Amino acid sequence: MLSEVLLVSAPGKVILHGEHAVVHGKVALAVALNLRTFLRLEPHSNGKVDLSLPNIGIKRAWDVAGLQSLDTSFLEQGDVTTPTPEQVEKLKDVAGLPDDCAVTERLAVLAFLYLYLSICQKQRALPSLDIIVWSELPPGAGLGSSAAYSVCLAAALLTVCEEIPNPLKDGDCVNRWTREDLELINKWAFQGERVIHGNPSGVDNAVSTWGGALRYHQGKISSLKRSPALQILLTNTKVPRNTRALVAGVRNRLLKFPEIVAPLLTSIDAISLECERVLGEMGEAPAPEQYLVLEELIDMNQHHLNALGVGHASLDQLCQVTRARGLHSKLTGAGGGGCGITLLKPGLEQPEVEATKQALTSCGFDCLETSIGAPGVSIHSATSLDSRVQQALDGL
């Protein structure tokens, strides 16, 4: 087992195009969001496993000897396996959480224990570890925060147990694993997502693992070969949304008006495909006219989503504020509130960006300037941190 400190990060995600249509067999494009979750893992010899999640106020510790003595035969040996409801129930006993434990805390702890016990049980003795995970991603905003958490855990635990090699070489500030190792990280992260969500699509953990942009169609996930990093504003309206109700609303509208809604879904599919084509052509040298196409696609998709009934007054306000400044926005995810994205073209003066952010903040929204198409899960040098990681550490 490795003895050095590991520092891992993984991105969140946004849906660029195809939300809701994907439920009906159409293409969706998901992109890695350069707001990241960070994990610091330090092996030690105090006989404890410590887990700290400062963003949501969690600090838990378990005796390794106690975990070692448990009957963990309910966790199958060897290959990546899907957690069953029975296994999750037994993990609740292992976790020792109080009855009044918040749902977010309970699921985060259960996902950790599942991955720790499953990945580390091949070791002669379960390792003593101090793990802290913190994030730039707001939880519950549809930005893939739980997937980034699971990806970080899987990558760090597989590396410390030497199931996969540490890709950092002398002098590296940051590096990534091989494709084969990333596939194993993604498989384990998906199981962590299953503990948290029950039956996830696998898109969120795939985006967080691979980074860049992914195409999702009828259960099949594939990476876009060449996807440029695009600057955006990410705006959280802070209006809570009920994803299940919004999905059901689109389905009901399709049943009620099939000749109207089915063409809308087909058109959204065409928007996703056209966006995929344009992103592929942009590569390393995007042209101004390609940004104009992306803006048109954003406008058309937002109108379609409103026609499907998943818009909201807060999202309309977001679009109006940015349109007044010559920018183009759409909702991302389930809609009904939640988050929206605004494309920032190259050459846009920073004072204009700041003025737009201020106008959106004045509406009561949270607004961040970031990028999409970010690198997937990465490992950082703990001794030569970039300023962003150091700032995150200093804020803990």
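Placed from the backbone N, Cα and C atoms, the Cβ positions cover glycine too.
The model shown is predicted, which means the values in this text are computed figures rather than measured ones.
Residues or ranges marked as domain 'GHMP kinase N-terminal' in TrEMBL: 123-212.
Per TrEMBL, domain 'GHMP kinase C-terminal' is recorded for 296-349.
Across the range of the domain 'GHMP kinase C-terminal' (296-349), the DSSP-based residue counts are 24 helix, 10 strand, 20 coil.
Mean model confidence for the domain 'GHMP kinase N-terminal' (123-212) is a pLDDT of 93.
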